[in-house]
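K.L.:
Annotation comment: TrEMBL describes 14-35, 47-70, 76-94 as transmembrane segment. Residues or ranges marked as domain 'Mechanosensitive ion channel transmembrane helices 2/3' in TrEMBL: 55-95. Residues or ranges marked as domain 'Mechanosensitive ion channel MscS' in TrEMBL: 96-162. TrEMBL lists 169-251 with the feature domain 'Mechanosensitive ion channel MscS C-terminal'.
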């Protein structure tokens, strides 16, 4: 029987190929195991070393297959041509998926965000759960799961809200034109001073920002640890409202003047 691409195939050759396969399989298992242990002890992100282990395993299996083919005297040129043609067709069909894989590699090595970070992208806000080669999985604060292709992420503007250790919290308070501005600012300073989660550095900022149609706009900008920003926001707004009411600082509501005219245009 004439088998194409194979010059000769004896029992000895097949036996040698089988031995090479068994030894190669054992070596691949050992190398992958050692690589996994070394990478787990490193400072690499878990998602990165998972990808590296996959690359090592695939590379070793390719080398083993090529070695076995060489042992069996299989001519490589026809297979290379078939693989090249098939590879081009697959690459064209999986263009978007390959773009996502490239995006996943970029994310894993550049680390614009990691697992546990809060990010915002294209109006979506959530916490990163997992970064894989093709997609990134995150959940929103109302516990919905979102799966985003990595290619989309690498071509979008991503805001990482937890990358920095401290964050600024901005609050706006409206007071009436008849209110004492300096007294209102003193109240804000006292509220900031009494806040247990607020930082003294950078220094808080308090100032009159705008003269509105029916109210004066006071801006308050303070700093806190990133994980405390929601508690700080609630503390400031609730405490300032109570203090303004207790100290007689008016908090005006928007007003609309409505004039009713008769058919003659008279009020």
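Cβ coordinates are placed from backbone N, Cα and C, and glycine is handled just like the others.
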K.L.:
Tally of helix, strand and coil residues over the domain 'Mechanosensitive ion channel MscS' (96-162) according to DSSP?
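P.N.:
Reading the DSSP string over the domain 'Mechanosensitive ion channel MscS' (96-162) gives 20 helix, 25 strand, 22 coil.
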K.L.:
In the domain 'Mechanosensitive ion channel MscS C-terminal' (169-251), how many residues does DSSP call helix, how many strand, and how many coil?
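P.N.:
Its residues fall into 35 helix, 26 strand, 22 coil.
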